[in-house]
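K.L.:
Shown below is the structure under consideration.
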Amino acid sequence: MSSPPEGKLETKAGHPPAVKAGGMRIVQKHPHSGDTREEKDKDDQEWESPSPPKPTVFISGVIARGDKDFPPAAAQVAHQKPHASIDRHPSPRTQHIQQPRK
């Protein structure tokens, strides 16, 4: 098969159609012109704004102050698993195997 002529490209929805190989469609990525990229970058620089202020957090009607209210050491203690005071071992069981009669 020959490739389509360079001068005339058939486009669908502003881009060339997907190529079909082995029963599956393969999309071919084509780079866009560099002019539009530069224009978009200029627009992005004009519209950049500082990040919005963080909302204040209320806990039980009082403003939370972050780590000052809950120090990391207190949070670490709350997440630790308590240790058992008595070491419990499972009670020994006698195994009874069912055998057929003679």
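Each residue, glycine too, has its Cβ placed from N, Cα and C.
Per Swiss-Prot, the features are:
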COMPBIAS  32-43  compositional bias 'Basic and acidic residues'
COMPBIAS  92-102  compositional bias 'Polar residues'
MOD_RES   Ser2  N-acetylserine
MOD_RES   Ser3  phosphoserine
MOD_RES   Lys29  N6-acetyllysine
MOD_RES   Ser49  phosphoserine
MOD_RES   Ser51  phosphoserine
MOD_RES   Ser91  phosphoserine
REGION    1-102  region 'Disordered'
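Set these features in their place in the structure for me.
P.N.:
The Cβ of Lys29 (N6-acetyllysine) lies under 8 Å from the Cβ of no residue that sits 6+ residues away along the same chain.
Residues within less than 8 Å, Cβ to Cβ, of Ser51 (phosphoserine) and separated from it by at least 6 positions along the same chain comprise none.
The Cβ of Ser91 (phosphoserine) lies under 8 Å from no Cβ of any same-chain residue at least six residues away in sequence.
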